[in-house]
Ligand code: ADP
Ligand code: MG
């Protein structure tokens, strides 16, 4: 599904009536600040050009009809007053969860016909799920005139994913999809959702940020996330603070000694070191971007990867290979991004060497016997918005 006219025609054929509008919301990559969001810390995502779109028309009869052009199978028909958390529905749980979350928050959403289509790679750690939630919430917010701000839309999307679908994600993905702007990375404080758009015009600096989708997803992921989360909470408790975000980077050394002396598990010590140092790396990269020294972010990305690999231990062979092969081929820096155990890595490169680096990574994957990775530049793009009819 390429353009809005096609989506309009497809919606009209499917539901027998024209959509009232079309909305778009992007996937994202996180530049720096990983596993920090459930610790109240900082993250720095940017929106991708890849996005989900939703053609939507209101209904007043309580029916919710959902269709995705990307999934085989027909329309999923539900009733808005019978939506129940954790009741399955496969992919349709994401948009249905948004309707549920809106109604739980007291908004009178009386039904809708929705057709979704997306260019965000699924399960690659690029947040195809948040794109679906945010695009659905934006459309319903406009059509039912709910008056929600972009951050409020994001919080509803997270509620849908946490409490309806049942995935314990932080707030970064939905905030990125709802709030990012073209040419910027989003500096987000996940504790109070204060944010700042940080200029990140790669082309102006002769640079590219490559996304390398390893196309693998190791099963380890789900339990490992919960285990890291519990470890971070144990660390904060042992240090007598609310969240690890409250530990200043300057005090990290002393805190690690305190934890070790108190007999905390060595994994807790490692997790604390990762979270507090990655939070610090967000601030380092912001200072560099503000100073216009984008190239100097490269080594910080490498340090972030080492921390995720050695301290948090959420990387994998394929992600480590992207980073080592890219650096060996002249990249400025690279790291895994997202939850790890597969998914995607990012690579900061000079524009002039982007092809060489991409080829070197692909070649290294072939030599190691891995599937061919997907490689594309992450151009910092716009966040969620109405795209038709034009304003
Ligand atoms: P990601 O890292 O891509 O967000 P998730 O596992 O969180 O991975 O979400 C992927 C899920 O989102 C898919 O399994 C599917 O249920 C849903 N999804 C994503 N894109 C689409 C789409 N275009 N149409 C239907 N469902 C989609
Ligand atoms: Mg997701």
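In case you wondered, yes, glycine gets a Cβ from its N, Cα and C as well.
Residues annotated as domain 'Galactokinase N-terminal' in TrEMBL: 10-58. Annotated site 'Transition state stabilizer' per TrEMBL: 28, in sequence order. What TrEMBL records for 94-179 is domain 'GHMP kinase N-terminal'. Here TrEMBL flags 173 as active site, proton acceptor. Residues or ranges marked as domain 'GHMP kinase C-terminal' in TrEMBL: 286-366.
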Tally the residues of the domain 'GHMP kinase N-terminal' (94-179) by DSSP class, grouping H, G and I as helix, E and B as strand, and everything else as coil.
51 helix, 7 strand, 28 coil
Nearest-integer angstrom distance between the alpha carbons (Cα) of residue 28 (site 'Transition state stabilizer') and the residue listed as 'active site, proton acceptor':
7
